[in-house]
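What follows is a set of notes on a single structure, which appears directly below.
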Amino acid sequence: MMTENAAKVTLKKSVDLKGAVMVIVGCQVGSGIFVSPKGVLEYTNSPGLCLIVWALGGLLAGLGSMVYAELACVIPKSGGEFAFIYHGLPRGKFPAYLFAFTGATILKTATLGIIAITFGDYALKFLSPEFCQYSDNYETAQKLWAILAIATGAAINIFSIEWTQNSVKFFGLGKFISLAAIIIGGIYFAISGKADLSIWSPGNLFDPIYSDKSILTGLGFAFYQAMWSYDGWNQLTYIIEEMKSLSDLPKALNISIVSVILFYVCVNISYLTVLGPVALLESEAVGASFANKIYPGLERAISFMVMLSTFGAIVIASFTAARGPFVAAREGMFPKILAMINIDKKSPSPSVLFTAAITIFLIVVGNFTLLINIFSFTMWIFHTLTFITCLVLRFTKPEAPRPVRVPFPLIILTIFVGTYLTFTPFLQLDYNAGISSFLPYIVLIAWMSFGLFIYWAVRRFNISDVSFTRKIQKLLNVVYSEN
């Protein structure tokens, strides 16, 4: 009976243009815009250069998304970088596995965990600011709220794809409302005469905030900080098979990327106008500092809006993160159970649960500072490899239909910029600091080496437990997807 049903089970095509836009916006606009402005300004040491980095970061995200869109037209499969590398490169199975392993165990789950902890932080600030200040159990409570958010996001993704899409659209609108409130507040503060607008004069715009620090020393790391906020520009390619019309892909990318760039630049102008560069650098929570200065007494309201924003990002990130292990398992690289779909809900519930379990484990036992430091380095390795895949396919599949076709020089540009960002840590590390400067990257290389061992062991010994797989199938009511 399971075999008969399996032939009819595929991922449901439920993502329309509006939903696609909200997937990208929802993944991009999360905790990053409430954290990264301080980091970008710190590394650029100049308000003018800070805004340039934000604008160029958005353009890089847009250019990268168009390269991904071309790849999606040639290789219309879910899974993002994994699917592109696997099917686009000669002998792509091995590097695709490395991406799947790193993505499932570090990139996607750590990102999801960081967003969840941010949700927990703002949930506590909304419910009880006094608890945040005086309780010794703050970290425990924060993690419990984070775990609750992960579990809720997973449940939404398992039980109804429609719920997920509705959540995406609802919380996507909430994000724009939050950003609009910041922008409007900045405009009001400026026209009411309360702001010091001297920083926007041409003579001061590019002056160093601190005279003993170069404005170019940390430029690569400034892009790391900005690109963390833009991270999500590639997420739509993870759910290609669930889009109603592939022609909506470039439209969704253009609408979402341009919207986010405009919002982010305007938000940073508001932050700088209201707080000033020095106060912004001294702030531990830019959004909260902004709210306290411009909306006295509304700190809880702002915390609630950030809470909604981060929860929406959790739902969406859970939706896209689970597709990586699903596709990897479908290609025989992960346990087969992860390639199965719930018969009734048409959702990849084993993969959703797998992703949620690892994320919860990291929240409970992990310190995410290390993961944040290595996230951009790791991600840009695979972004660059994906850009190279687009170049390779121009020669190996020149006749493939490409409704989206990126000019050849721009593909070369993305590869060049991606290579620079990959090597940024080694170009700007403090070599006088000793092993501590290299430790995050040593840990990463060691972990990826462990992934190589797992890859070899699975292939060498054909590790599989049929009885266990069947038990999980019955428990979750899942079967293999038709494709």
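Just so you know, glycine gets a Cβ as well, placed from its N, Cα and C.
Note that the structure is a prediction, hence the values are computed from the model and not measured.
Features reported for this protein in TrEMBL:
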- 20-40: transmembrane segment (TRANSMEM)
- 52-75: transmembrane segment (TRANSMEM)
- 96-124: transmembrane segment (TRANSMEM)
- 144-164: transmembrane segment (TRANSMEM)
- 176-195: transmembrane segment (TRANSMEM)
- 215-233: transmembrane segment (TRANSMEM)
- 253-281: transmembrane segment (TRANSMEM)
- 301-329: transmembrane segment (TRANSMEM)
- 350-371: transmembrane segment (TRANSMEM)
- 377-396: transmembrane segment (TRANSMEM)
- 408-426: transmembrane segment (TRANSMEM)
- 438-458: transmembrane segment (TRANSMEM)
Contact call for the transmembrane segment (96-124) and the transmembrane segment (377-396): at least 3 Cβ pairs under 8 Å, seq gap 6+: yes
Criterion met for the transmembrane segment (52-75) and the transmembrane segment (253-281) (at least three Cβ pairs under 8 Å): yes
Contacting positions for the transmembrane segment (408-426) when only residues 6+ beyond its ends and CB under 8 Å are counted: 60, 63-64, 66-67, 220-221, 223-224, 227, 376-377, 380-381, 383-384, 387-388, 390-391, 394, 441
In contact by Cβ distance (the transmembrane segment (301-329), the transmembrane segment (144-164); 3 or more pairs under 8 Å): yes
Leading contact stretch, 176-195, 253-281, 377-396, 438-458 vs the transmembrane segment (301-329) - CB distance under 8 Å: 176-195
Of 176-195, 215-233, 253-281, 377-396, 438-458, whichever stretch has the most CB pairs under 8 A to the transmembrane segment (20-40): 215-233
Contact between the transmembrane segment (253-281) and the transmembrane segment (176-195) (3 or more Cβ pairs under 8 Å, separation 6+): yes
For the transmembrane segment (377-396), distant same-chain residues with Cβ under 8 A (at least six beyond the ends): 64, 67-68, 70-71, 74-75, 81, 84-85, 88-90, 92, 95, 99, 102-103, 106-107, 224, 231, 234, 406, 408, 411-412, 414-415, 418-419, 421-422, 424-425, 440-441, 444
